[in-house]
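One structure is given here, and the rest of the page talks about it.
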Amino acid sequence: GINFTGEHLSNTMAGASTSMRLRLPIACIALEVILIILFGVAVEYDHDVSGEAGHKTNTTHHDYENEFYYRYPSFQDVHVMIFIGFGFLMTFLQRYGFSSVGFNFLIAAFSLQLATLVQGFLHTIMTGGKIHVGVESMINADFCTGSVLISFGAVLGKTSPVQMLTMAVFEVILFSVNEFILLSLLNAKDAGGSMTIHTFGAYFGLMVTRVLYRPNLDKSNKKNSSVYHSDIFAMIGTLYLWMFWPSFNSAITLHGDIQHRTALNTYYSLAACTLSTYAFSALLNHEGKLDMVHIQNAALAGGVALGTAAEMMITPFGSMIVGFLAGAISVLGYRFITPFLESKLKIQDTCGVHNLHGMPGILGAIVGAITSLAATKEHYGNGLTAVFPKITSDFPASAQAGMQAISLVVTLGIALIGGIIVGFILKLPIYGAPSDSQCFEDGVYWEVYLPNAYCFPKKNCDLEFTLSKDHLYHFENYKTDLLFFFFFYPQ
């Protein structure tokens, strides 16, 4: 309802049990202090970052050969996807915009630091010495963060910031272990992360939200939906993700033809996926109308599904087939599978990560295994060993395909078991989690004011406002035919 007195919304909604007055500062400060100490003890610059290495009197050394100039443009794109793409994609909830963007920011900033340490530590097992950081380690840390944010989408609106930080701690560790097993021990190929990022993040998050199942979540059902302008904000996130996904899939591939091919394959997969999404969205509606939820999410599934095979010789038309299938699977998932998961399996997937990341991720893993099975010298020429370093006369393409399939099984196993365990850890009554009636509501954890109501048109109108110390910002308008407008009034 509307508070006509201008009373602080947090005071009317959140009891002492959800207070972050001590919980959040203690968690953030403790975690950051630990990170700073570990960075001080274990981390040093990589060769390309070291001043000494960069300025030796060596006539063969040129600054433009530094890895920074090859990788940083891709890193910029990936970084935008993590903080703007994922952040705004989750703003579709009508009363959870502050939390969607704000907690995305918090979780990402923490996860990338921890990921640098854990991923670096696992790599030093093979090489020894300290953890070396450079632009490639920044990209890999962002990849790990992306997986955490996928899981965040499954529990969106139902957890406290301290719960999210706790989940991130465990997920970063499990993600890094899974990634190490797949890429270093099994020698699987997964440059765009269909398995390591998307499949892992989706099914880890689904298991967490299953353990945290809320039988009375219907008390917040009205808030677990979008309004006109919140969907537009979410579409901003979609477009950023869609535009930069070729950079995401190609960010850590080898320079030259492989990176070029990865970006191109992803480009066409996304385009075909978009048309498939529009087609099936209209087809599944009795009146032939499009569903914005489908467009915001399923149109991205082509990038997810090509993450494993993008660097392979899958051909442009093969990429388009994969993208088209991914879009169809994702839309069908939103239409039929999400309701089934909630009603029958008690999995409350807020953002539908199973449809955007889970099923397309599995599709991508299968496509990668099939494509690697067809890898031959005739198709790849001298570039075969660049894409598949392990394929030899003693280790044929069929063995590589087997490793790809095993990698999918390993990923699902670690994600499912890890998600269940972490879910029970997050169920402890110490995190200040919201009650069922407080879910999907910014006012529980953010300063949100509701001053005297302004209503236009007055008939059948329900408006909400947020008020900062200096300005009044008109943000919510629903239950009317009015599209949306913003009201800005200096106090």
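Glycine too: its Cβ is placed from the backbone N, Cα and C atoms.
The feature domain 'Ammonium transporter AmtB-like' is assigned by TrEMBL to 65-430.
Among the features that TrEMBL reports, transmembrane segment is placed at 22-43 (among others). Under 8 Å from some Cβ of the transmembrane segment (22-43) lie the Cβ atoms of residues 106, 110, 113-114, 116-117, 120-121, 130-133, 160-162, 165-166, 169, 431-432, all in the same chain and six or more residues away from its ends.
For the transmembrane segment (78-98), the list of distant contacts is 104-105, 108, 112, 139, 142-143, 145-146, 149, 152-153, 156-157, 223-227, 230-231, 233-234, 236-238, 240-241, 244-245, 247-248, 251, 293, 296-297, 350-351, 440-443, 446, 448, 464, 466, 475-476, 478: same-chain residues at least six beyond its ends, Cβ to Cβ under 8 Å. Residues annotated as transmembrane segment in TrEMBL: 78-98 (among others).
Here TrEMBL flags 105-126 (among others) as transmembrane segment.
Sequence annotations record features per position, and here TrEMBL assigns transmembrane segment to 164-186 (among others).
Within the chain carrying the transmembrane segment (192-213), a Cβ under 8 angstroms from the stretch's Cβ atoms is held by residues 143-144, 146-155, 158-159, 167, 171, 174-175, 178-179, 182-183, 248-250, 262, 266, 303-311, 341, 345-350, 353-354, 356-358, 360-365, 368, 407-408, 411-412, 414-416, 418-420, 422-424, 426-427, all 6 or more beyond its ends. The annotation transmembrane segment is assigned in TrEMBL to 192-213 (among others).
Beyond its flanks by at least six residues, the transmembrane segment (225-245) meets 77-78, 80-81, 84-94, 97, 266, 270, 274, 292-293, 295-297, 299-300, 303, 476-478, 483-484 of its own chain at Cβ-Cβ distances under 8 Å. Marked as transmembrane segment by TrEMBL: 225-245 (among others).
What TrEMBL records for 265-285 (among others) is transmembrane segment.
The transmembrane segment feature in TrEMBL is assigned to 320-337 (among others).
Residues annotated as transmembrane segment in TrEMBL: 358-375 (among others). For the transmembrane segment (358-375), the residues of the chain that approach it from at least six positions outside its boundaries are 189-190, 192, 194-195, 197-199, 202-203, 206, 301-302, 304-309, 312-314, 318, 322, 325-326, 329-330, 333, 337, 384, 387-388, 391, 397-398, 400-402, 404-405, 407-408, 411, judged by C-beta separation under 8 angstroms.
Within the same chain, residues 151, 159, 163, 166-167, 170-171, 174, 177-178, 181-182, 186, 188, 190, 195-196, 199-212, 362, 365-366, 369 sit at least 6 positions outside the transmembrane segment (405-426) and bring their C-beta atoms closer than 8 Å to a C-beta of that stretch. The transmembrane segment annotation in TrEMBL covers 405-426 (among others).
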